[in-house]
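First comes the structure, then the notes that go with it.
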Amino acid sequence: MPTNFTVVPVEAQGGERDSAERDAWRREDEEDGRDRGCGDGISRESSPFINSAEMDRGNMYEGKNMALFEEEMDSNPMVSSLLNKLANYTNVTQGVVEHEADEDSKRKEVKVPRMGTFIGVYLPCLQNILGVILFLRLTWIVGTAGVLESFIIVFMCCACTMLTAISMSAIATNGVVPAGGSYYMISRSLGPEFGGAVGLCFYLGTTFAGAMYILGTIEILLTYISPSAAIFKGEEADGEAEAMLNNMRVYGTCIIILMAIVVFVGVKYVNKLALVFLACVILSIIAIYAGVIKTAIDPPDFPICLLGNRTLSKRSFDVCAKFTERNNETKTTNLWLLFCNSSSPTAMCDDYFSLNNVTEIQGIPGILSGVLIDNLWSTYSEKGSIVEKKNQPSISGSEDIKIGGRPYVFTDIMTYFTVLVGIYFPSVTGIMAGSNRSGDLKDAQKSIPTGTILAISTTSFIYLSCIVLFGACIEGVVLRDKYGEAVNGNLVVGTLAWPSPWVIVIGSFFSTCGAGLQSLTGAPRLLQAIARDGIVPFIQVFGHGKANGEPTWALLLTAAICEIGILIASLDNVAPILSMFFLMCYMFVNLACAVQTLLRTPNWRPRFKYYHWTLSFLGMSLCLALMFICSWYYALIAMLIAGCIYKYIEYRGAEKEWGDGIRGLSLNAARYALLRVEDGPPHTKNWRPQLLVLLNLDCEQLVKHPRLLSFTSQLKAGKGLTIVGSVLQGTYLDKCVETQKAEENVKALMAVEKTKGFCQIVVSPSFRDGISHLIQSAGLGGMKHNTVLMAWPQSWKQTENHFSWKNFVDTVRETTAAQQALLVAKNIDLFPTNQERFTEGNIDVWWIVHDGGMLMLLPFLLRQHKVWRKCKMRIFTVAQMDDNSIQMKKDLQMFLYHLRLNAEVEVVEMFENDISAFTYEKTLMMEQRSQMLKQMQLSKNEREREAQLIHDRNTASRSAPAVKASVAAAMPEKVQMTWTKEKFVAEKHKNKDTNVSGFKDIFNMKPNQSNVRRMHTAVKLNGVVLNKSQHAQLVLLNMPGPPKNRKGDENYMEFLEVLTEGLDRVLLVRGSGREVITIYS
């Protein structure tokens, strides 16, 4: 199917003319592209498949059939271009920048993926799942837990991985998955916080898995292949265990260094040897099944020596008897010397040795022997106890000599069900191997589900069948003998294999080596992928590597963490650690699938259909249960590590938007909560200021008063709703770039000031209308603001100021009409920043009128912040002539007591009613100024009208006669278009006389008595406030409302100026008229 299309013109004639026209169009479009800026104001979202910079503009406008769409070709390319890009799309490799952010870079040619389901998914999963636990611990688990409980353990773990594989298949088939495995799937499904936390946990799990495989390799080497290679030797049983741990540490460190060098030098050889290691695993399993079949025909001869019912270790003696016949003489054996003080038959021996006989039984009686019945039930034991055979006669004696020195087979750890779960679970991990290779598959969306589920089914069958077969073929004491001491130090599962135990020993040795190398190869790449995503700042250094992309630094860190596991030195102690990390990873894969399914997002369209959210939820619950079953304290530690990483990414990590499910879940929760919240005023007990902060921006779209946001964060302390709004004057099409810049600047300042809220920039033809739109429409549903916070217009007397006194007074009126509270911060630039701390001082509240209790609530909220915490609250109220000031103080103190507020109370008396000459003079000057401004505005309007009439006359004189006649007919009769010199001079003198007479009236006017009374109140109250609160850190004052008569608006501003004159920090408070504080619980 062709992927490149050529648009052929319908008319082939006029080729040169068409070419010239096309060149002209191209040049014109390029000029438009440079000048257009924002275009139609709609920002286009870049596509992950389309790179407009790479397109050939000559082909873009080829022909005239698509001329209608040519102006949109930059953002909306033709379908042919889209299909061409899709055809060239390839999966990116693990550890490089993902395809969403890589559309601008040149795509490198890569080999076409050729691997199918079997080679690409099935075999890698098989190799990763089957491993060290199967060969070294499964027989011991069967012997200790019994066949039934072992079956339950294996079934639970396999069910967990199967449910996880179903969830993983759904996620992996929901679009193209670059090679990032579980990290990529979780981070893109649950967001960067969960993705980073679980990705690092998965990395730690993979790293500790490498340590476990290395420990398994050393155990096979020193226990079954070459015991003489041990550096440290132990004399007694306890000493042997300690010596073995030290050997593990020394050999493990050497092998880690060797493997790290191999991975650093030639990782390609590790991948080539993967099939060899897999062949060893498969051959070993085939040898086990062949040995089981052989036991039905001819069971192998592996005799077990028992003393009473106690199992003896054959490493210290050769003959399983107390006496032997040599040359018709009865002689004691080496076994006798281990229990007696001499070789004499009359020597003093251990009581238990003397009272019980030495017997020999077959270690592998065969599948037809019926030993399965004896192995059905569990045999848990304490650490250091002797492995004993059930239903075997035994006589207990008084043992004076220490048992530890006897050649018994002892248990090295205390065993119980949950311990065995933690040790076994790593044997079912490795299900992500297929999804990690998604970039190398022919059809990842088909191969990953099929191959992974088939591999889990195969391995589950192998594990479950091996449990039954081990229980049916091998004697119980041999199963519980972890290191094969009763069978001459052979690997227990090797004794069952055919044709030789060495098949299993050699096969398991190479498979564990290969698995360790694979872990040291995969873990650094996973860390590199997380580091290059940039979501965890402190690990970004591990994103670097060699020139070919090999993760050098990540390999060093992986080797160091792996060394921690080696120093633990016990496979049984390392296995539960990596179980935690893998279980947590699988739990979040299930959570991701469940969340996406329940949200039903439009992009959730997996090709794999055999999933359901209940299966994912069941898998998640099973993973969580297994975590606490394995080890509750390891589970808590793993969760704590993941939680710390989550919070670190949340606060310090890069902000990523991946369309994740958690964001969708948040949107759904927000919608549900908004619908639940009543679209009305909340109860008084739930009331808190939900702020709309009105900011002024300068010509560069920077905030003029940043301290307003500081005060907002101090007042809110991160609680409630905060909307930060501003208005740009103009039309949105012209101001779209400025709007984006303003929004970025405001958000940046909000981040600096730690103001948590939303930013809303409005473009309006007039500043006044824009503020009105914000007050009316900001917020959504029940989450709307109830308080407006703004700065006092310092330059309100300047007529050119955009935020003039008219806008301010109208804003006050609109907040009152909207039943919203209003806070006006005067001298806002003197307010403290969030870094300042007041060590002393007062917050003074001047409670003149009661308008809902805002004045009481605001100081309480401010004192919750560190800036104001050490300030004391003082409340002043004013007593008139007829008031009882003493009783007022008592009542106010009682009121504050019921409000649970701590504050000093003072009642100020204002009995002087005489209006001073100063007040009269100040009122007169205010009114004269107001009248003068009106006259100046009037004369300005007259001049503008005069100039407009002259302009109209000149325009009309240049027009054609017909146009002139039509204009004259359309004009009203009272407007004369013909101006003579006499008329112009007369009109000019008329305006001049009017202005002169107006100015004479100003100086002869008398002040309005209502204004005099208002000025008197402002002057007197200002004097009282200055007297008491001049040195206060903040003064809160009732804000009087504007006059009902709009002609006195400029006088209203003067009253407020006089009221607050001489105070450093003032917050004028105007309540909404409803109660916001209550004495009731």
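Every residue gets a Cβ built from N, Cα and C, even glycine.
Automatic prediction, not curation, is the source of TrEMBL annotations.
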**Study point:** Correct range for transmembrane segment (source TrEMBL, candidates 499-517, 689-707, 860-878, 955-973)
**Key:** 499-517
Review point. Over the domain 'SLC12A transporter C-terminal' (822-1081), what is the model's average pLDDT?
Key: 72
Practice item. For the transmembrane segment (115-138) and the transmembrane segment (499-517), decide whether they are in contact, meaning at least 3 CB pairs lie under 8 A, counting pairs 6 or more apart in sequence. Key: yes
**Study point:** Recorded stretches the transmembrane segment (194-215) and the transmembrane segment (248-267) touching, at least 3 CB pairs under 8 Å
**Key:** yes
Check your understanding: the transmembrane segment (248-267) and the transmembrane segment (553-571): do they have three or more Cβ pairs under 8 Å, with pairs 6 or more apart in sequence?
Key -> yes
Point to revise | the transmembrane segment (274-293) in contact with the transmembrane segment (611-635), cutoff 8 A, at least 3 CB pairs, sep 6+ | key: no
Point to revise | Selection from 150-173, 413-433, 611-635, the stretch that has most Cβ pairs under 8 A to the transmembrane segment (453-479) | key: 150-173
Point to revise | Stretch with greatest number of CB pairs under 8 Å, the transmembrane segment (150-173) reference, 413-433, 577-599, 611-635 candidates | key: 611-635
